[in-house]
Amino acid sequence: MAGKKTITINGVEMEASEEQTVLQLLNNSSIEVPQVCYHPSLGPIETCDTCIVSINGELKRSCSAELKDGDVIDTLSPDVKKAQVIGMDKILYNHELYCTVCDYNNGGCEIHNTVKEMKINHQSIPFDHKPYHKDESHPFYRYDPDQCILCGRCVEACQDVQVTETLTIDWERKRPRVIWDNDVPINESSCVSCGHCSTVCPCNAMMEKGMEGEAGYLTGINNETLRPMIEITKGVETGYGSILAISDMESAMRDERIKKTKTVCTYCGVGCSFDVWTKGRDILKVEPQEEAPANGISTCVKGKFGWDFVNSEERLTKPLIREGDHFREAEWEEALLLIASKFTELKEAFGPDSLAFITSSKCTNEESYLMQKLARGVIGTNNVDNCSRYCQSPATAGLFRTVGYGGDSGSITDIAQADLVLIIGSNTSESHPVLSTRIKRAHKLRGQKVIVADIRKHEMAERSDLFVQPRAGSDIVWLNAIAKYLIENGKADERFLRERVNGRDEYVKSLAPYTLEYAEEKTGIDQETLIQMAEMIGQADSVCALWAMGVTQHIGGSDTSTAISNLLLVTGNYGKPGAGSYPLRGHNNVQGASDFGSMPDRLPGYEKVTDEQVRQKYERVWGVPLPKEPGMTNHEMIEKIHSGQLKAMYVKGEEMGLVDSNINHVHAAYEKLDFFVVQDIFLSRTAEFADVVLPASPSLEKEGTFTNTERRIQRLYQVFEPLGESKPDWQIIMEVANKLGAGWLYEHPADIMEEAAKLSPIYAGVTYERLEGYNSLQWPVNADGKDSPLLFTERFPFPDGKAILYPVQWTEPKEFGEEYDIHVNNGRLLEHFHEGNLTYKSKGISEKTPEVFLEISPELAAERGIQDGTLVRLTSPFGNVKVKCLITDRVKGKEVYLPMNDSGEAAINLLTGSHADKDTDTPAYKETSAKMEILKHDGISPLPKINHRNGNPQPQIGVQVHKKWARKDYIFPGDAVKRGMGHNG
């Protein structure tokens, strides 16, 4: 059979694929072989020497041996067993077995399990303590060199999966050990706290601090007591068998009190899923699983360690009702009756459009569905929106124009396998850290090409093959110029255009102004570089374009998004693996909030409210008439409050009072509302203006689904009971609706999803049963459950099945005048999320990044006499901020960068204005200028020494195992067996 090999294993002949190693074949065939250092997500590391088998009569490491036709493999011979035991002996020389009192005795310790499986009763080489102390310096995990077996999993994960490139093994020492950067304490290194190392560690050497002293019944014993206990046990032990049996009993007992629950991350749009280990209300650790569809074993600092907010003392636990200038606690019944009374009163007096509703991109799909149903079906208004209006609506608009669906056209796996990745206006490694690891890995190990266009030199820019810095707001110019160049030079995919795309002629005409000369003049990118970009894109077999708020948050954001999609059509980069458009969604469920109808002009599944047949479908199921005119965007709502047309708002899980632009203007609007309801887990800045505050539950306290940036729908399961009297948002919305007479009878979020699936064609086959565990579905989903990981393989969702080249022109950015000479770019930092309402609750994160800072260029610092820690005031026409400076070459000239992670005097939206994308009302946050005033010259750097940005990474490929093999004290176990040696020294 083509592609198959005939293999003999332990005398049995079988067929196997040639695209695997011997160990993979053995594992797939359920043939047990020790493999302490091997991890499927890491590949062969070759450090442990326990996976040795006989291949054609020669002892070899099975993890790295490529399978060949005719191979004869023996896993049972005495020589194989001897070699494996020699490898295991060396591991036990480095690792002391005290399993019963070990926090890692939870059934997953590779050393414990391998000793048991190999039936090793005694080790030939006594354990020998290493001359190193534990490194406890990091807030989230610790390293115990004395227990480290030098398998290198952590190094492999850091170097080639996460690609932070912090960890190495110093093989030159007498007793090698893992080191961080140039051998500094963990907390002073370039470690980004992603947690990969502790996730893949096969034992207790690298472990989350949340586990220490908490996991076991006999753990947490102080060292003065523990050490004598271990020594006494060693003195009386009769063999490992009995000791391991006792530890297995203790491990089984732990299952009674340690709960492991699958959830989906509540932070960015990557959609990482993982198990949360808890004891009572304590979170012991987050444990990602290989089968997690978006992230596998990967996490970032927030997803792995940023959960302290769930148990914060600042959580809201009872409803609050305003009395004058303060709040008092109230019972649910009183709060709900007040809301129903006020909503009814205002609706009757001013009409349903005097009320407006904001749903949350932090909440579940089911909760977004209910919020828009409350607005439309109970109140009778289409005034409902979500925070995609602040970030992703322009990208959605651009994709609707050109390809018909407002979501990523493929999956993260497509991005990883692309020939070239084009990143525009996205600080991917900090905004979507796990997704960025897939690009960094492909770039490092596979030679994937990366082009970055951004005004700021972030990590992905530094790693890229080509980095260009266009003038702010000019991306559409170079995009159109490159498309024009490719078409005119015969480098467009003419067959794709002819067979699958409409509008070519009009589009080509629209490109006439976009010559290379014009593009150079307007963008600042020289013609030679523009041609280089065009040639790289044109020659690539497959291209993925990624973009984010650096594109969308401009007054021409929709048009630039359209231009990106146009360029992909010109080059035929839709409908095939490794290609397509990827507008990176910012929040965990900003995609889902829009998908499930929290938009003023769209019902769930993006069906238009103006479509009579669509409305009739919903009216039949909901049993009420629906409004037919599109409602207000959240941006318009603020203006309608000021004009007196909007009287009441219900805001759920959205910090509008900080994340909307021109927040002084927003706050003034809130004060004019007749009635304001805010539903949140904390008394947010927005909630401070409310008349009623309802205590909601975060994701760990409820069931539901999120939809990530790939259109991937995933289930989350309840980890904790709601704190105090807080409730899941879906229950609160239902109770509000029922006080208004709705009569809803949902018993579980699954009931809500079932209703949505009946109404919206793109969810037709979505059920909770199909989403069980780590299963997921990428919409559109057919009724039979078949989903769509890759869109547009056969047709585009337009009547004739063809995409559309949609002509767009450049809208120049807003001018602020010469007085405001500093351009204030803004965005995210890795450690914090948005205004920091969640992440500043984490002590460890706050220690590493306690405050925001203003990045300024060395040249601007020299011109103004600024140093690290200088306190400045930035003033725009709309407000001012006070913030400390940090000098860095990540920015240049009079470009500065102010992260959005502040809710006080440095909150970026004190500076931003109300101007917005002309097509979607998305605020033009990135078009902000200010003047600078020095308030205090001398100060302490806002970036602590322990921040990873001060580190010194050490890039290398993997663990450099050849350095181990070159050591004088190393002998390959296979050679030791040949020489008749009992162990390898």
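Even glycines carry a Cβ here, placed using N, Cα and C.
Copied over from Swiss-Prot:
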BINDING   CYS37, CYS48, CYS51, CYS63  [2Fe-2S] cluster binding site
BINDING   HIS95, CYS99, CYS102, CYS109  [4Fe-4S] cluster 1 binding site
BINDING   CYS148, CYS151, CYS154, CYS201  [4Fe-4S] cluster 2 binding site
BINDING   CYS158, CYS191, CYS194, CYS197  [4Fe-4S] cluster 3 binding site
BINDING   CYS265, CYS268, CYS272, CYS300  [4Fe-4S] cluster 4 binding site
DOMAIN    3-79  domain '2Fe-2S ferredoxin-type'
DOMAIN    79-119  domain '4Fe-4S His(Cys)3-ligated-type'
DOMAIN    139-170  domain '4Fe-4S ferredoxin-type 1'
DOMAIN    182-211  domain '4Fe-4S ferredoxin-type 2'
DOMAIN    258-314  domain '4Fe-4S Mo/W bis-MGD-type'
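Within the chain carrying the domain '4Fe-4S ferredoxin-type 1' (139-170), a Cβ under 8 angstroms from the stretch's Cβ atoms is held by residues 36-37, 39, 41-43, 45, 47-48, 91, 94-96, 111, 129-130, 132-133, 176-181, 183, 186-187, 189-210, 212, 297-298, 301, 304-305, 437, 440-441, 444-445, 843-844, 847-848, 951, 953-961, 963-964, all 6 or more beyond its ends. Here the domain '4Fe-4S His(Cys)3-ligated-type' (79-119) has Cβ contacts under 8 Å with residues 32-34, 36, 48-54, 59, 125-130, 146-151, 202-205, 207, 211-216, 218-219, 221, 226, 229-230, 233, 240-241, 243-244, 246-248, 250-251, 254, 258, 973-974, 976-977, 981-984 of the same chain, all six or more residues outside its ends. Spatially, by CA atoms, the binding-site residues HIS95, CYS109, CYS158, CYS194, CYS300 include one closest to CYS148 ([4Fe-4S] cluster 2 binding site), and that is HIS95. In three-state terms derived from DSSP, CYS37 ([2Fe-2S] cluster binding site) belongs to neither a helical nor a strand segment and is classed as coil. Same-chain residues at least 6 positions away in sequence with a Cβ under 8 Å from that of CYS109 ([4Fe-4S] cluster 1 binding site) are, in sequence order, CYS99, CYS102, PRO202, CYS203, ASN204.
Cβ-based neighbour count (10 Å, all protein chains) for CYS151 ([4Fe-4S] cluster 2 binding site) stands at 31.
Here CYS151 ([4Fe-4S] cluster 2 binding site) is compared against the binding-site residues CYS48, HIS95, CYS158, CYS265, and the shortest C-alpha distance is to CYS48. Each residue of the domain '4Fe-4S ferredoxin-type 2' (182-211) gets a DSSP state, and the totals for helix, strand and coil are 11 helix, 4 strand, 15 coil. Counting every protein chain shown, the Cβ of CYS300 ([4Fe-4S] cluster 4 binding site) has 30 other Cβ atoms within 10 Å.
When secondary structure is read from DSSP and collapsed to three states, CYS154 ([4Fe-4S] cluster 2 binding site) falls in the helix class.
Neighbour counts of Cβ atoms within 10 Å were compared across the binding-site residues CYS102, CYS191, CYS194, CYS265, CYS268; the minimum falls on CYS102.
Residue counts of the domain '4Fe-4S Mo/W bis-MGD-type' (258-314) by helix, strand and coil are 9 helix, 20 strand, 28 coil (DSSP-based).
Look at CYS63 ([2Fe-2S] cluster binding site): DSSP puts it in coil. Surrounding the centroid of the Cβ atoms of CYS158, CYS191, CYS194, CYS197, where the record places [4Fe-4S] cluster 3, the chain contributes additional residues within 8 Å, namely CYS154, ALA157, GLN162, THR164, THR166, LEU167, VAL192, SER193, GLY195, HIS196. The distance from the Cα of CYS51 ([2Fe-2S] cluster binding site) to the Cα of CYS191 ([4Fe-4S] cluster 3 binding site) comes to 31 Å.
Using a 10 angstroms CA-CA radius around CYS194 ([4Fe-4S] cluster 3 binding site), none of the binding-site residues in CYS37, CYS63, HIS95, CYS154, CYS201, CYS268 qualify.
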